[in-house]
Amino acid sequence: MREVISIHIGQGGIQVGNACWDLFCLEHGIQPDGQMPSDKTIGGGDDAFNTFFSETGAGKHVPRAVFLDLEPTVCDEVRTGTYRQLFHPEQLISGKEDAANNFARGHYTIGKEIVDLCLDRIRKLADNCTGLQGFIGFHSVGGGTGSGLGSLLLERLSVDYGKKSKLTFTIYPSPQVSTAVVEPYNSVLSTHSLLEHTDVAVMLDNEAVYDICRRNLDIERPTYTNLNRLIAQVISSLTASLRFDGALNVDVTEFQTNLVPYPRIHFMLSSYAPVISAEKAYHEQLSVAEITNSSFEPASMMAKCDPRHGKYMACCMMYRGDVVPKDVNAAVATIKTKRTIQFVDWSPTGFKCGINYQPPTVVPGGDLAKVMRAVCMISNSTAIAEVFSRIDHKFDLMYAKRAFVHWYVGEGMEEGEFSEAREDLAALEKDYEEVGIETAEGEGEEEGME
């Protein structure tokens with residue numbers, strides 16, 4: 001079996017996690033108490049969904065996941081929510097003190113008290129796997145826990161499980177919408193360790209997802225629940241091939257192989273189509289070509305950046321539902337002829353496609369329409385550098401005056417770590433710039449890129 005362990009860190013990570021497990025349970029027909037009437041092999045079996053769920057002897061399906069937070073309220077919502085019987089109480093780990101939007105608290109003072117307990121629980125889950133293939137992390141980097149404890153945990157996982165791949169879904173601060181003044185600090189410090197300790201990071205940002213909800217689903221004032229349900233659909237599409245049997249299945253490590261040209265260039269853009277409300281879906285026939293085109297629309301991107309300003313290096317299309325390879329090939333061929341969608345000249349093929357025959361599932365009472373087919377795209381584009389340069393600019397404005405820095409230093413950080421992280425990100429922006437430059441014929445690859 002190729003199991004995957006999910007790790008949800010901080011409030012953002014846990015709430016996205018809730019939406020995901022809610023959806024996974026619906027997709028597999030698992031009830032809130034963990035029973036699965038359709039599962040014929042009680043207490044074990046080698047079904048595809050066992051990558052995400054382990055089974056007890058009594059036929060209960062338990063997610064291979066841990067939820068970590070430095071304060072109890074969000075974990076308590078899981079403990080008392082609809083799916084309270086689904087999770088093992090040991091999988092919900094909460095501290096008593098908040099990280100207070102402070103990376104240093106999450107990473108040094110308070111995080112380090114809880115991190116060994118977390119690793120211990122993760123070790124228990126890992127021992128329960130026959131062939132662990134990697135970890136999927138869920139966190140936001142604007143706050144203190146997701147950024148601080150998130151990076152601490154990723155660093156420790158690199159040490160304990162060196163070769164296992166780590167994929168993260170990282171919620172980045174948005175250009176306009178802000179939840180904390182010190183977001184730029186936390187994000188820069190956190191990205192510094194994401195650079196080293198994750199293999200693929202999928203960038204999401206609330207503002208981009210808000211706009212999609214507002215525009216495509218006609219929700220006037222989207223709530224976090226609306227956002228998380230949409231994000232859950234994306235994550236579900238990416239992991240569908242791990243959880244169901246399909247024609248062209250894609251493994252977690254395959255994402256890495258196909259999307260990451262250089263180790264540092266591993267921040268991905270994602271998009272999902274069709275995002276459409278039930279009223280509209282009734283009137284529209286969404287063909288494979290149409291959903292493929294709309295997944296390349298700048299407006300469909302789940303992070304605020306314009307892919308037309310950059311070049312694609314690689315692109316992974318995960319189709320699900322009523323889709324045949326012939327249609328996919330035709331749709332991709334059309335995309336390649338479009339002038340607006342540019343690939344770097346050293347990546348001529350650039351597409352990896354997966355098809356999964358399980359149609360998308362919708363949450364009852366949710367916003368999305370039930371459709372026959374959907375596509376999720378993850379792409380590596382040089383345009384994502386916009387996200388970094390935006391954060392770096394905000395970081396510089398604050399750091400020039402050393403504003404708020406004493407809160408971090410007071411928790412045992414050194415000021416040097418700020419400039420180190422900032423320089424690392426400056427180098428990353430430079431890397432993205434170089435990757436997009438046309439290579440001159442005959443001189444081959446640039447040296448100096450690692």
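Yeah, the Cβs are placed from backbone N, Cα and C, and that goes for glycine too.
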Same-site GTP binder from Glu71, Glu279, Glu284, given that Swiss-Prot records Gln11, Ser140, Gly144, Thr145, Thr179, Asn206, Asn228: Glu71
Site of maximum Cβ density within 10 Å, from binding-site residues Gln11, Thr179: Gln11
For Ser140 (GTP binding site): DSSP state (helix, strand, coil): strand
Cα-Cα distance linking Glu254 (active site) and Gly144 (GTP binding site), given in Å to the nearest integer: 31
Glu254 (active site) and Thr145 (GTP binding site), distance between Cα atoms, whole Å: 29
Those residues of the chain, 6+ apart, with a Cβ under 8 Å from that of Glu254 (active site): Lys352
Ser140, Thr145, Asn206, Asn228 as binding-site residues, winner by CB count within 10 A: Thr145
